[in-house]
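K.L.:
Below is a structure I'd like to ask you about.
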């Protein structure tokens, strides 16, 4: 690279960069390239030298969420053993089991969304996924209510299918 | 061996001791350069004023270039090269079984919710008569497909909760509890399939 500014150098007045057509060289690879997924979107917020932003701490999304998740999970253990121990469940206990299962599943699906759809790279997809999960949970809770009201309940239902 | 200096290196002394003749020394281009730093003409001006510093790279120009470059770079292998271990295999299976059980629950209750509008019949009586019409092998396959993930997930959740309260966190206990979960899954699945 020349250290001298040539007289023909044009000052870059426009801030646009038009990406060149990709020229992927057929380089020699010692091992087979096995990509599970294609490269995702590459987004750089600010410059490469800016530190990654640390989200503001919020106990609702942090400590309280964790504690609530623990309560639900630990509450589920005796609730799941109860049908096997008691044989059949009172409809209200059955409904509580169902609702706690749906709540636990919702928290689990939320964790998967947060893990696999980072906000910086896929902001719209993240919003859509959260919206879809919330709608699905509302629908499922309504379906659980209908199931407990019109049908025999989760414990009896699984028993019926098992012994069919 | 080509030598880039006209001086005989100390490392060549052993040749002399062994009675061998040292290899012929060839003068390379570097040896022809005459470095006159010490004897430079003091009155010659340095070339600094002819050197114009390059403009600082502007991030709004370089960042899109970098993003475009990265889009064509291969992803570094991760899942395909990590040594199979009980720890991460069980963790992945925990997530898979959890998604399967939760997905089945959501799918059934969601279908039950919209069934009146879609004209479906997914109540337990209809499903039970459908299951009753299956051959025995298919029934047991179906039982396995529900019992195995549910048992594994239930036992591994207990293991996770043990960790969440700070117990069994060193590697030995992780492996011990892991094997206990696998054994419990086998026993529980067989019990649910054949004795329930």
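Note: Cβ is positioned from N, Cα and C throughout, glycine not excepted.
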K.L.:
In TrEMBL, which of B:118-136, B:137-155 is labelled transmembrane segment?
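P.N.:
Among B:118-136, B:137-155, the range TrEMBL annotates as transmembrane segment is B:137-155.
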K.L.:
With Cβ-Cβ distances below 8 Å as the criterion, list the same-chain residues six or more beyond the ends of the transmembrane segment (B:137-155) that contact it, or say none.
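P.N.:
Residues packing against the transmembrane segment (B:137-155) from afar: 93-94, 96-98, 100-101, 104, 131, 180-181, 184-185, 188-189, 192-193.
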